[in-house]
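Undergrad: Handing you a structure now.
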Amino acid sequence: MAAVRGLRVSVKAEAPAGPALGLPSPEAESGVDRGEPEPMEVEEGELEIVPVRRSLKELIPDTSRRYENKAGSFITGIDVTSKEAIEKKEQRAKRFHFRSEVNLAQRNVALDRDMMKKAIPKVRLETIYICGVDEMSTQDVFSYFKEYPPAHIEWLDDTSCNVVWLDEMTATRALINMSSLPAQDKIRSRDASEDKSAEKRKKDKQEDSSDDDEAEEGEVEDENSSDVELDTLSQVEEESLLRNDLRPANKLAKGNRLFMRFATKDDKKELGAARRSQYYMKYGNPNYGGMKGILSNSWKRRYHSRRIQRDVIKKRALIGDDVGLTSYKHRHSGLVNVPEEPIEEEEEEEEEEEEEEEEDQDMDADDRVVVEYHEELPALKQPRERSASRRSSASSSDSDEMDYDLELKMISTPSPKKSMKMTMYADEVESQLKNIRNSMRADSVSSSNIKNRIGNKLPPEKFADVRHLLDEKRQHSRPRPPVSSTKSDIRQRLGKRPHSPEKAFSSNPVVRREPSSDVHSRLGVPRQDSKGLYADTREKKSGNLWTRLGSAPKTKEKNTKKVDHRAPGAEEDDSELQRAWGALIKEKEQSRQKKSRLDNLPSLQIEVSRESSSGSEAES
């Protein structure tokens, strides 16, 4: 068995540089010399502690939002704060006999950026931290720095923000020329300049010279004093900049005094700063359509859902046909506030709680896991649609921003046409059995359908006694109302069989009824044999089929001759028809028995057929 070596990583906020960088410390060296086991000799299950130096603030995501300035994309590329630029400017002033510049807005201060980065490890030389902007908006800050237009602004809270430039030189010029030394540093610089000027005056008084020379020396003294003042001012100011002290601004902004310094990486927006903002409550929150006052979480969720729906409807052209191929650029991140539809807060606290509970239930219902069966039987495939809308909850995340790209892509994706549904195997078997039963019933009905074999069904006919019809025709009297037959037996419709066990004559003989639409009855021809009007029922013509197949004669004489001539052949036809009817009746009874057997089957019994076997193979 190979030895198992464990590793334990401990994150420490402050750790010595030696162990963090992997350098051997004296304690470790002494431990190794004392005979501690080497890595190859570590026993099984032993843990080794490896310290890792990592700041916890670096793990926190950056929630700052940038407000871009359209006029801040210009860069000069000239460093006027360098020593070479200042020396050239002084030489040019001496050449043309200019006095030293006393204007604080155009001071010559040499700044060593490498020294600044060493003194302040996390400094951002292209960014200036400003505090005291309680009543100022984003446009007010941009207009305040219009002489040095910045690139964008990062708001930290109601009282402070970071103003960012595209280069370090412009930010340094703005900080030095738009701010001054603190009051204590000014006093120190004045004291130093006064001491040096007093010493030089004493030296000048001790020297004896002519009046012309004194005048010239006086001019030189003035120049030297001014040079000394500039040197001391730059030295004190450089020390103040190295300490990164807050510098008061030269001009007021809306009656407030601003203070500025170089920003550092620790100057970040705190979590939940937007909810605690008094400026948003007083002047309106631009992230929510400029609404003033306290905004509840339910109101924010409704606002975000409406905003996303409006973006999908109005800006559908920005999203390609294939979602994900074209990137969606959100246009609400700029400074210009898009006019939004105000949403009034009509609900009270109780109604808001109810809505939050309903939304949580809806979200839980939307998050259900479902399984899709891709191959199903054709009878089971039904068009079902399901639309899922995901809502972003502001209470779960402290940041006020949303990933609009992700939300829009998820909403714009079409819902699947096939519904995803989880079913049990027993349900599938039962559905297959139902389909098989329905198909068997359809086959049995179609096979035993008499209408399809014989022909189209005649319109509903009313049967009456032939004798009454013949008597009425003869007497030219008004016909009686037809007698309704309650019996619907097939034997009455087809007539009696030729070898019927019943007696030929009875006290109340059953007479076969014929339709009133018979051709012979319409022509008024009596249908009787030579034996008499009331002959045996065996010799009578059968049913509706004979009346449909037989052709009526043009004259009465021809009709009587043809009836007498075709009497023996008609009996043979009747026997054939009766046999066919008997076969059909047997088939119908057999189909009923099959259906009764299928209905009595248990619900989980499986019948193997071609359709079921092919469906199972497709599913496998």
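Note that Cβ sites are derived from N, Cα and C of the backbone, with glycine treated the same way.
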Undergrad: For the feature phosphoserine in Swiss-Prot, which residue out of S209, S395, S614 does the record point to?
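TA: Candidates were S209, S395, S614; Swiss-Prot attaches phosphoserine to S209.
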Undergrad: Tell me which of 3-6, 151-154, 155-158 corresponds to the motif 'WLDD motif' entry in Swiss-Prot.
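TA: Checked against Swiss-Prot: motif 'WLDD motif' maps to 155-158.
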Undergrad: State the residue range annotated as region 'Disordered' by Swiss-Prot; the candidates are 15-42, 295-322.
TA: 15-42
Undergrad: For the set K12, K146, say which residue Swiss-Prot annotates with SUMO2 cross-link.
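TA: Of the listed residues, Swiss-Prot records SUMO2 cross-link for K12.
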Undergrad: Hey, which of K451, K487, K541, K554 does Swiss-Prot call SUMO2 cross-link?
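TA: Candidates were K451, K487, K541, K554; Swiss-Prot attaches SUMO2 cross-link to K541.
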Undergrad: Which residue does Swiss-Prot record as SUMO2 cross-link, given the choices K57, K70, K251?
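TA: Matching K57, K70, K251 against Swiss-Prot annotations yields K70.
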Undergrad: Consult Swiss-Prot and report the residue, out of S73, S180, S277, annotated as phosphoserine.
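TA: With Swiss-Prot as the source, phosphoserine is noted for S73.
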Undergrad: For the region 'RNA recognition motif (RRM) domain' (126-187), DSSP counts of helix, strand and coil?
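TA: Counting residues by DSSP class gives 23 helix, 16 strand, 23 coil.
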Undergrad: DSSP says what for the compositional bias 'Basic and acidic residues' (585-598): how many helix, strand, coil residues?
TA: 14 helix, 0 strand, 0 coil
